[in-house]
Amino acid sequence: MDFFAKLFLGMGNAFEALRANKVRTALTVLGVLIGVMSIIMLVSIGQGVKEQVSDEIKGLGANLFFISPNMGGGKSHTPPGMMSNKMTYNDVIAIQTKNGIGIEVVPVLRTSAVVKYSNTTYMTAIFGTTEKYAEALSQKVTDGKFFNENMVSNRRRVCVIGKTIVEELFANKDPIGKDIAISGGKFKIIGILESKGATMGQNQDDQIVIPITAAQALLGTTKVNFIVCKAPSEDRIEESKRIVRRILLRRLTENDFDITDQKDVLETLKKITGILTVALGGIAGISLLVGGIGIMNIMLVTVAERTREIGIRKAIGAKESDILTQFLIESILISATGGIIGILIGWSGSLALRRWVATAVTPWSVLLAFGFALFIGIFFGVYPASKAAKLDPIEALRHE
């Protein structure tokens, strides 16, 4: 009998043996199924978040770079991880007026505040910025308009709100022209931002944008949290960064600020999401290992129950390799079945999750999950199969 004939015969026998114990087989398959499903879904979340954030950053334009307060450590006297913010609006003006090559500068002052309309209050993020913010960060207005340069210069108390604010304060009714209170100050709504959903767990629609001059007056500060700079073109971004650094070093120290561009942000993002994906996959892999232990335990029980059958087969000429192959095929069949069903459920679950979080099922994650499932079936099936193959036929025939 050739190899393929033996294989098909073994698969047929394995299928019949597993079908004879449907409940036990189903429970064992379930352990593998959950592990594979978890790998597909959790890895898809990590990959989806990576792709979503990467696309959003690339969508801003390759000629953007960002200035933020130093995160501490090094020569800075600030403890590591704590921002030492010395950047002010005067630094923004200096960059805008002294760069000499047409670099556009967009300051951002961020805070959180309680907003109120009628008897409804809500805590949200407040961004104070200039009229260039919408274009620089691809923030489109779907209703109304964004504030202009004149409104910024005159400290006009106007605001543009996200979709979440419309839902929370106005129950999705038209808010244009209405007044809301931000930290006790009255602001008129002039526009609604285009919905962007959530990115890495942060709701991009949960924000209110106001003129930076009004924000500084409201908070009593001249500080800015970060500065967005737009180089004249992509090929002049390094030149622009050098010019901005030179201007800031006349006003601040090297330890007071960091300058990063999209390449730096994407590299950091790649590292973070890579760690996230591996961690999530590792957690799911543990559940698959538990499923493998379940396979081994069930196969050991099966060998014990079929000891007499093994003795009979050996007595009529079955080789150790035939017995080994038979039980190994049963183990692999369990893991493969769990793997296939787990992939289908995991894929469907990932698609369903897109309503709340970005997901992306990749071919490599499917192959990895299925390959791991097969490996689990082989690895945890070898010991029970070899134990069955090494049974003494005389002792096996005496088994009741």
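Yeah, the Cβs are placed from backbone N, Cα and C, and that goes for glycine too.
The feature domain 'MacB-like periplasmic core' is assigned by TrEMBL to 25-245. Residues or ranges marked as domain 'ABC3 transporter permease C-terminal' by TrEMBL: 283-393. The transmembrane segment feature in TrEMBL is assigned to 26-45, 275-302, 323-349, 361-383.
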From the DSSP assignment alone, can you count helix, strand and coil residues within the domain 'ABC3 transporter permease C-terminal' (283-393)?
94 helix, 0 strand, 17 coil
Which residues of the same chain, at least 6 past either end of the transmembrane segment (323-349), have a Cβ under 8 Å from a Cβ in it?
6-7, 10-11, 13-15, 17-18, 25, 28-41, 44, 291-292, 295, 298-299, 302-303, 310, 313-314, 361, 366, 369-370, 373-374, 376-378, 380-382, 384-386, 388-389, 391
Please work out the mean pLDDT for the residues of the domain 'MacB-like periplasmic core' (25-245).
85
